[in-house]
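Chemist: Below: one structure in structure tokens.
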Amino acid sequence: MAPSVAGKRNPFALHASTIARAHTYLAFAAFLSALAIGCALHYKKIVKNGVAGYPEEWFPSVSATIGDWYPERNIFQILIAINAGPRFALVALQYYLHRSATSSIPGFLFLVGLLRTLSCGGWVFITSSDDHDVHDVLMVSYIVLNLPWMFGSLAFTPANHTAARRRRRWTSIAFFGSLVPMIYFFIQHKVHRIPGAYTRYSFFEWSLILLDVMYDSSVELDLQAADLKMTVGNFVASSSEADKIADAPLSSSVSAPTPVAATTAVKSAGESTSQPNGKEATATKATATQSLYSCAQPTVSFVSDVYLSYMFWSVFTALTPTLFYFSIWQLGISGQELALLSSLSPLLLGIPPFKGWAYSREGRTTLHVLTLVGLASYLSSSPMTRLLLVSFANSAATVGATAVWFGGDDEGVAYQALVTGLGFLMTSLSKHANHSNNPIWPFVNENSGGCNKTGIALALLAILEFAYRPVQSQPVKPAKSAPTPAPQTHWFPGAIFLGSFIFSLHSLLGDPSTLIAWSWTGYPITGPIPSQHGSLTHLAQVLGLGLAAFLAGSASTSDVLAHPLYLALGSASAYVMYTYKDWTGYAGGLGVAAFLMSLVPTVWARARAAALDGGVAKTAAVAWLVVCFFDVASVFTVAYAFVPGGEYFRERTNWVLAAQFAGIGLAFRWPALGNGSVALTLSKRAQYTVQYALALLSALSLLATLYHIPTVVPTPHRPGPRIVRAGIWTVHFGIDNRGRDSQRLMRDLIKDMELDVVGLLETDLHRVTFGNRDLTRVIAEDLGFHVDIGPGPNQHTWGAVLLSKFPIINSTHHLLPSPDGELAPAIEAYLNMFGTPVKVIVSHNGQEETPLDRELQATELARIMAESYPDPVIFLGYVVTKPHAPRPAPYQIMVEDGKVFDIDDEDADRWCEYIFYRGLYRTSYARVSRGIVTDTEMQIGQFVVPPYKRTIRDDSRTARYLRSFKEWLPEDHWFPMEYYPELGGKNGHGYHVFNTPLYYKLPDEALGTPSDD
């Protein structure tokens, strides 16, 4: 018998805004109580860090406050645990307010909110004292998740909730604005180890906490405006009325002015409840599952499209490094360069049956699978096999890309162009996060930083999603069935500007540090640093592509960037980038990055219009032919001495750059060409999706920068006895003898030899032919070195790098006289070696075929060394001469005119690499075989630096050539034993020529601090 109405209790109603208020109070109470108690009980302990303590550091960080000491840690964690319930409830309530039948974004934000809450729980309960790396990863993940959470919540805040919108706006802007100074002071603390920097960092870290809590408090205003209540108890109304409330339709508009009210009924044990039958329950469950998938399906398809674009760019950018492996070994045209022509495969689209197949879903799926062959070629150990497979994959990739770009209808061109831009940005980001190597390139593997298996697995998932995509996502139709756009663009200019644009993206933005290399001038650093400021390049690209997505949302604004004035702006940025250095030059480069990325939809739309007018096959083929031409021309600006006709391109990067922009200029509205406006259409949903993707990629770029900030402080290996080990190595452009990236192999030998100063030659890889790479990343991050990357790619040299465990006081880049051959680079640097300034020179002189170049270069290097006489000097270089060769050969010029000594003039078996020195005690000299890393050995000289303002008393030949066994010297002077041939060597390396390092006796004054005269 049902209980009477009079016997029922009144229901309990709880305002949802009360939960939000409780969350705010508990969060503030947790953090502020920990700060107050920590300062009261353990002040000097929580302000101390690995660099300094009180009084240099006088304000604690969040991590030290909440995670190090009892009782503040325990009180904080108890309050946070209590606050977990309200926090999860707020995520659910916010989804309830924002959900919509026409958008899946609220569901995405709901997922982000859950992950954000879990990552918050992770970094507050796993403190830096428990596990520093896990704590940092979870905290950075929390900050990254705040990007979509904050901006997404702001976008879905109803327009009439002015107070909530205002609070979300200023707190989100302040939150992300605080990240910039916080990261700056973190670098000052972690990298430069400046006392007091962590205190300033802590202020901004605490501001993030307070701003984050303030942002979440704005949901209270939303809940108050919606008058949302939760009722627990018995209803006076009948069960049918309750059913009506439960079955009420969801509001489909997030901005409706009518408040949304909700009631939750909790039935008592004695109350009957109506249950649906089995069929209805099954149907309801199936409908809910189908509805959830249909909401998520567009996002899943978008992610698949972006990854397939990433796969295309990865295969395309892998082609030139894979084939130029052979050109490097031949030092000339080897024949494998014909693999570039694999990009001309869109010519096959001139065959109607093939074109129809390539435009079909089956055809595009097959082309994606064939492109995957290039990624899988990493399994082959043969460079030639990899080249053949990558060339084949590139042929399939360019056909598939042409079908995507030029097929379909007018409404899809903006979407496909933006997806192409996102895929390209993703390749650059993956390199930034992986030491300048794309992790799915076929010439890297698990031993050289590759994630090939993971990349292939994700590619297979993306291909499967594309193949089984629901019917409403129709395959791209042949271009002939699409309506021809109104403005007619001749196919040939369309091919020119598309090819110029693709090469410009590849050559300038293929790696975020390429533009920095263009502006680098050495020490003291007055510009951006490749390993720390690459994210700025990504942010410029994001701004450009985001602007394009925003303008594509309206037909009236979609073609505004095609105005010739915008070309003038981009050209001016390119001029600044080419002409100036340091921050000014890099600012021009950032302008070029934003300019190029903002043109992606415009260029693709106009190229499609040209293809529809003149034929897809010839338009695409000529465009890729233009790319091939620029690939070759950009190499000839440096390699002119080894190729026929190369002298006409000598040091003409300015001509190549001007030709690129002249070609791109054909994509703009010129009345004489008759190419009017092209209206682009992009749905609001696609706009939001692209913008969220750009925000995510920006956050990941910043996260990668923070993750790869070097934590190993550069410190000499033997400061006590004042020993310096200096090595010279020609590393063959970072490609080993098996055609794979050699960064980690180089690192291992440098680490084992415990080198303090390293000169690396043939290192300028910021070109399309070498993959736009930076081979110093792994070495500097893992071993701790100051890095001078030498003259940039716009200086037309093969490159020289200086790595130093000692502080670099200053450095100067030289372009040595080269009237006949290639420009020879040199780095002149002063290093602070145990308080003594020592000049170190790293140079790569000309080849045997240009004797005049070698004579002039040796004369200039001798002048540089002699001008600091009698101060200490170490020369590490590639000289190309026989020992004791008379003038005009370089040896006698450099030794006599430079006033230096040969490391061992009795070593007659040398030709390329030499070490000279002055003002130091030489204690050892070693020659280490090349292994599989390169085609040249490593030479190492070991020296003892005299105390500050002390000079060597006897530098006669007799004093310098008192040979010794290693056992006669302290063990600090010994080289590693495992590299002796009789012990088998290590990793293919071993002491050769002498089969042992050569050792030299030291005078007593070098073994200890000499007494005063």
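Heads up, the Cβ atoms here are built off N, Cα and C, so glycines get one too.
TrEMBL labels come from automatic prediction, so no person has curated them.
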Chemist: Which one of 565-582, 655-672 shows up in TrEMBL as transmembrane segment?
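Modeler: It is 655-672 that TrEMBL annotates as transmembrane segment.
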Chemist: Please identify the range among 108-126, 450-468 that TrEMBL labels transmembrane segment.
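Modeler: Of 108-126, 450-468, TrEMBL gives transmembrane segment for 108-126.
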Chemist: Is the transmembrane segment (169-187) packed against any residues at least 6 beyond its ends, judged by a Cβ distance under 8 Å, and which are they?
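Modeler: Tertiary neighbours of the transmembrane segment (169-187) are 143, 146-147, 150-151, 154, 197-198, 200-201, 204-205, 207-208, 211-212, 214-215, 218, 532, 702, 706, 709.
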Chemist: Grab the same-chain neighbours of the transmembrane segment (585-604) for me: Cβ-Cβ under 8 Å, and only residues 6 or more beyond its ends, written as numbers and ranges.
Modeler: 405, 413-414, 416-418, 420-421, 425, 497-498, 501, 504-505, 508-509, 515-516, 518-519, 527-528, 533, 536-537, 540-545, 547-549, 552, 558-559, 561-562, 566, 569-570, 572-579, 664, 667, 678, 680
Chemist: If I count Cβ-Cβ pairs under 8 A between the transmembrane segment (692-713) and each of 108-126, 138-157, 624-643, 655-672, which range comes out on top?
Modeler: 138-157
